[in-house]
Structures are given as C-alpha cells and as structure tokens.
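Working notes, beginning with the structure itself.
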Amino acid sequence: MMFKLADVPFEDIRIFEDEWVELKPTTPFGQLPVLEFDGHKLAQSFAINRYLARKFGFAGNDPVEEAFVDSIADAFNDFFRETIKTVAAAANDDVEDKEAVYNETIVPAKEKLMPPLRQFLNESKSGYVVGKSLTWADLIISNYFASCEAIFPHFFDGYTDIQNYVKHILSLPKIKQWIEERPTSQF
C-alpha cells in the first residue's frame, strides 16, 4: 500500500503454494514477504514496513511520533501473532466452530489491544493513531482488522469507533483504489 500512496512504481509478485518450494531457499529466512531493491533482499514484514514508512514519509513526523507509531505497531504485532492462525484457519474454513475459536482466541487478544488503541485515537483527534497524518501503523491495523471483520462480522462489536477509523483509512482514495485493483492471494 505504501508504494501506491507514495506514487512509486513497484512489482507485486504473489507466490502460490506450488512455486514456494523452489523459492523458499532463496529468501533470507525461508519465509515471505521479501522486498527486493537495489540488489538487496529485505525480509520480515515489520522491517519492510518500517523501511518503506521512513522512505516514503509514513513513519511519523518527528522522533517522538516515530516512537509512538512503532509502539502501536509492536502492540498490534502482539495481537497479530496471537490471532493469525485462528483468522487464517477460519478464512479457509478449517475450523468446525468459528464462534468458539473467536471467543477463545480473538476476544482475549482484542480486549488487550482495542482499549489502548481507542485511547490513542481519542488523543490524536485526527482520525489517525498518532499525530495528524497517516502512518504505517494505521495501514497495518486497518488492513488486518478489515480481514478480521470479513471473517468474523461481529469483530467490531463494542468498538464502532475503531470500525469507523478502519473505514476511514480504507476509504482514502489511493488505498481504496489499491484494494480494488490489487491481485488476489491466498490468505
């Protein structure tokens, strides 16, 4: 998304399962995503996001904002790590009782992240989690929360303010266009 927001051309290569076996040994840590640029291969989604955010101006407007953006992104990463297996399994219909796994996994993780996230949004009064402009934390949170809501329609129950925040971020013109045009991939 940051490439689109910055109007920087890029090649988005999606890897499918049958290609992965051959490609895996060529990646730095044997996993995706990998950003290739200037002869470098940068791995790990948060390292990639931080690099691009700094390069394109989505890291925060000063060192204090950058620190808070990183803090929120790291808290989100805790949520992501606690929930991704459940979200992916539910997306692929690999669970018998979606509601049970939602209550066991998503709800406790959500209750740790949503109240502080709400507080940051209320303090910024800008529609963004930090400062007065879009950051990479807004992008990763909104993108994943939209996926959670698509799989668990009641994901935002009790958090309509955060749902509205996600809708706001995803309705920004360049983001909306990217979502409509991006290639599909396996979850």
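Note: Cβ is positioned from N, Cα and C throughout, glycine not excepted.
Some features that TrEMBL has for this protein:
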| type | residues | note |
| --- | --- | --- |
| DOMAIN | 1-60 | domain 'GST N-terminal' |
| DOMAIN | 62-187 | domain 'GST C-terminal' |
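Note: the domain 'GST N-terminal' (1-60) comprises 26 helix, 8 strand, 26 coil (DSSP; helix = H, G, I, strand = E, B). Counting residues of the domain 'GST C-terminal' (62-187) by DSSP class, helix then strand then coil, yields 92 helix, 0 strand, 34 coil. Looking only at the domain 'GST C-terminal' (62-187), the predicted model's pLDDT averages out at 94.
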